[in-house]
Amino acid sequence: MDLLNKNGVLKARISSLQPFVWVALFALAVYLLGKEWGGFHLDELDDALRRIGPWHILAALGLTAASLLCNASLDLVALRWLRKELPAGKVLGTALIAGSFSMNGGGTILGGGAIRMRFYGQYGLGGGEIAKITGFLMVAGWLGHALLAGALLCVSPPDVGWFSPMVGRGIGVLLLFSCGGICLLSAFGFRGKPVPFLPPWRLLLGAMVISCFDWLFAGLTLRVFLPEQIPTVSFLAATAVGQAVGAASHVPGGVGVMELFITKLSAGMVTQPVMVGALLTYRLTYYFIPFVFAVAAVAGREIWARRHWAKVTVDSTGMAWSAIAPRLAGMSALAGGFVLMLSATTPMESSRRELLEKFVPLPFVEASHFLSSIAGTVMIIVASGLLRRVRAAWWVAVLMAAGGMVFSLLKGFDWEEALVLAVFLASLLPFKEKFHRHAGIWTRRFSLQWWAVILSIIGLAIWFGFYTSRDVGYENHLWWEYSFDDDASRLLRGMAGSVFILVSVALLQYFRPAPPRKREPQPEFGKIMEMVSNTARCASSLALVGDKEFLFNFEQNAFLMYGDQGRTRVAMADPVGDEDKFEGLYWRFMEQANDEGMRVAFYQVGAAMIPVCVEMGLRIYKLGEEAMVPLDDFDLAGSDYKKFRKVMNRMEREGWLFEIWQPGVVAARLEELRAVSDAWLSHHSAREKGFSLGRFDDDYLRRLPVAVILVEGKVVAFGNIWPGNGRDELSTDLMRHLPDAPNGVMDCLFISLMLWGREKGYRWFDLGMAPLSGLTDHQFAPLWSRIGGLIYDKGEAFYNFNGLRAWKCKFNPVWQPRYLAISKAWDLPAAILDITTLIGKGPARPRGETVSTD
């Protein structure tokens, strides 16, 4: 385990450099762009932008729509490959929204992974199937780009000093040969055997062509904004290379990187002001406008989905915002803060400057300009808190947005920025109760990825400010000059304030001492018993075993049960209580664990919590599938249950008795059950376990009803019962029998308990999980899925995986997936070892009351 931990630490340190690599690439690209674009005046850029007319915009929007439709069509091909049938309209809608998010955010918080997981999950696809779709899209996207770029580079490569036509054609030939080779591998295999990670060649070829047109339309969108006389094919080749490098850099949206390479490769084809104007308009039409429509589509979809849930005090708009509030509020805060900072770094328009001189005193202008920069910086910093539904972050964001509106008007009559902030404020004010979590926003350490996002946004705003003032030479006296004309002086003071705020927060987080490990005050066990008895999910009865600690929300109406082992803090199953509080509990659990230097693991997570885990940036691994028997359809009629009828006939013939003992009876006859349990443990050379399993403990057994089979008045088999509230679910935990019990006695126990549950009105019987079942070894399956599938198929010598699933299949269950969610992929081995140790330790003695059922 020490070796695993050391390897994990090493990998974590290597991976921790990734966000800084993003920032470094972005900063380098911006620096080089500044040098490339430094040879013209802003008036020339204004003239270039005026040259772009309405017909250019309409043509670009049409090409953008064609590109996005091609991209979305790849989802249809992926589903055909998976042999999954979904309505084409739903698939295209999901793909268009997810694609727009991914284009702008890539692998960051703005990415479309959570969108695909949420929408396709609601359409009935599992997490593994969605992962296969994602893998297929990645392969098809890059192959399509290679096909297009290869063809363009071979026909007419760009001709710049460091990228000669010979180099371009060489790269093009290599790309085309790569595409052809991959298609041949897909068609004929390798040494006569199919290549496991490639789909059938017809599907692959079709996906490549569709992706090729996607990239082609994207390049033509930019081409529309440029003069007619430039060589189209050469420019498209330069654009293809720039798009590829921007995507490969993993900088969100390829911002800066793509522009740099397109500018360098198209040098000599078009003047700099025209190129810059075209690139800015391209960002607006191809990236920003689709993203706005995608955000509106997500909001509209959530409103429509919840139209029947509306109550008198909460309309459907509020319900929709509740579901998407953290992500949209965080993104809006980043955008609003960037707008404020960008406005503060831009020179004032001359016409507005004249109005300011007439109506606003200079001290108000100077103070508003400085405070506008501060407000923008703070809004960018608190975006992380909005994502986590933190109440304090809501207050700060509201105050900064309101102040930013006033400052924007006073510093230059910037009504456009004030309007943006007003929209943000209007969307945030009515939903204060949705940001209900009490947590730190300044001292809570940001992830490195968040720091990368913050530094990139603030760095871009600062660079733009210095770029617009590049004609003003730096002198020390600029810091102390105050007049309506001193834009450069205001820029220096505003940026200094922003950097001061940023450095202060970084130092506060870095030097804050790590909080000592402390345990939440544990409530009276009676409260836990009450909440468990009011929960439909019978797995919540694991809280009664007595070996777990509990993390409650502040309202004390929901809790998460967990245990610590080594450096892993393991949450068991889904939370219990008010479902609206589950997301906040997950966030709080992870934050507390991170503060204490613990890795987190969410064990046996249900499908309903997967979107939350994805939003938190956790890695998801399928553990297996849980067998749920629908009791409404369970009876002994029909050929499927012929064996069950034989068991029950034998039970009646030989005088076996099935009884339900309520907790009072269990307490009186506990020694009879202990004799069966001890004999079962001795026969199997086993010891009691815990955490995810119950154990034979006097207090635990006295709390719950027990189902028993008696032969001639003697208990030969028993199972304690987990009853779900509302007669929704029923299950059994301990299942033990005497070694010399009659053959078929456990089948008799389960059949009798299911028939009893059906008679009492229960809807489902939970047979528990079949470990590693339902994992796939498909070509695009994750490595964990392939390893798990191999263990399931070949590991019978160590555990009866197939036998356990086959036994449960006799009852015709509905299989529901269960997952493990952890922070980092390299934590998986150590987390599994710690979880296994935690289960094998066995629990401490519990305390509490009893639950009964009739």
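Each residue, glycine too, has its Cβ placed from N, Cα and C.
As annotated by TrEMBL, domain 'Phosphatidylglycerol lysyltransferase C-terminal' applies to 537-821.
Annotation comment: TrEMBL describes 12-34 (among others) as transmembrane segment.
Per TrEMBL, the feature transmembrane segment maps to 54-79 (among others).
For 135-155 (among others), the entry in TrEMBL reads transmembrane segment.
Annotation comment: TrEMBL describes 167-189 (among others) as transmembrane segment. Below 8 angstroms of C-beta separation, residues 143, 146-147, 149-154, 157-158, 195, 198-201, 204-205, 208, 237 of the same chain, each at least six residues beyond the ends of the transmembrane segment (167-189), sit close to that stretch.
Per TrEMBL, transmembrane segment is recorded for 201-226 (among others).
Long-range contacts of the transmembrane segment (233-251) within the same chain: residues 18, 22, 25-26, 29, 106-107, 145, 148-149, 152-153, 155-159, 168, 215-216, 218-220, 222-223, 226, 257-262, 265-266, 269, 456, each at least 6 residues beyond the stretch ends and with a Cβ under 8 Å from a Cβ of the stretch. Here TrEMBL flags 233-251 (among others) as transmembrane segment.
As annotated by TrEMBL, transmembrane segment applies to 284-304 (among others).
What TrEMBL lists as transmembrane segment is 324-344 (among others).
The transmembrane segment annotation in TrEMBL covers 364-387 (among others).
Look at TrEMBL and you will find 394-412 (among others) tagged as transmembrane segment.
Per TrEMBL, transmembrane segment is recorded for 447-466 (among others).
For the transmembrane segment (491-511), the residues of the chain that approach it from at least six positions outside its boundaries are 341, 344-345, 366, 369-370, 372-374, 376-378, 381, 442-446, 451, 454, 458, 461-462, 465-466, 469, 478-479, judged by C-beta separation under 8 angstroms. As annotated by TrEMBL, transmembrane segment applies to 491-511 (among others).
For the transmembrane segment (54-79), the partner stretch with the most Cβ pairs below 8 Å, chosen from 135-155, 201-226, 324-344, 364-387, 394-412, is 201-226. If you count C-beta pairs under 8 angstroms between the transmembrane segment (364-387) and each of 201-226, 324-344, 394-412, the highest count goes to 324-344. Nonlocal intrachain contacts for the transmembrane segment (135-155), taken as residues 6+ away from its ends with a CB within less than 8 angstroms of a stretch CB, comprise 71, 74-75, 77-78, 81, 168-169, 171-176, 178-179, 182, 197, 199, 204, 207-216, 233, 236-237, 240-241, 243-244, 780.
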